[in-house]
Structures are given as C-alpha cells and as structure tokens.
Amino acid sequence: MPSVRSVTCCCLLWMMFSVQLVTPGSPGTAQLSGHRTARFPRPRICNLACRAGIGHKYPFCHCRGKRDAVSSSMAV
C-alpha cells in the first residue's frame, strides 16, 4: 500500500503538469472558445507541499519553518 507522502507527491505532480498543460496562451494547448481554463492556484499547491514536507522540491514555494531532522516534518 503506498504511503501518504508518495500519494501526495504524485497528486501534486499531476496537478502541476495539468496546470502547465492548460495555461492559456501556451503553445499547443487546445482551448474551447468561451470557456475559462481551470487553474490550481500556486498558494494551494505550496500549502499542500509544505504540509507534506516536500515544499523544498518546488522552487516557487517558500515554506516557513525548518525541517525537523528527527521526524522529517516541518517545524513551524
């Protein structure tokens, strides 16, 4: 059974790639006229990544607190 951290990481990666593929104005994306493309806001991605302890892997996320060396969680 996959761990919560690996599932969270996979979900975050999937969301990031999805957002990148549907960003308006990027070349090669198919868009329906009159429809807004769905976006997943960066603050929400960063919040989830920071809580999961993997925020340091995303260059646009600036997690507050230090990594706890014993439990590998974020200390706030």
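Think of each number as a place in line: the chain as shown, counted from 1.
The backbone N, Cα and C atoms fix where each Cβ goes, glycine too.
Lifted from Swiss-Prot, the feature list:
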- 1-24: signal peptide (SIGNAL)
- C46-C61: disulfide bond (DISULFID)
- C50-C63: disulfide bond (DISULFID)
- R64: arginine amide (MOD_RES)
Pairwise Cα distance for C50 (disulfide bond)/R64 (arginine amide) [Å, integer]: 8
Mapped DSSP class for C61 (disulfide bond), helix or strand or coil: coil
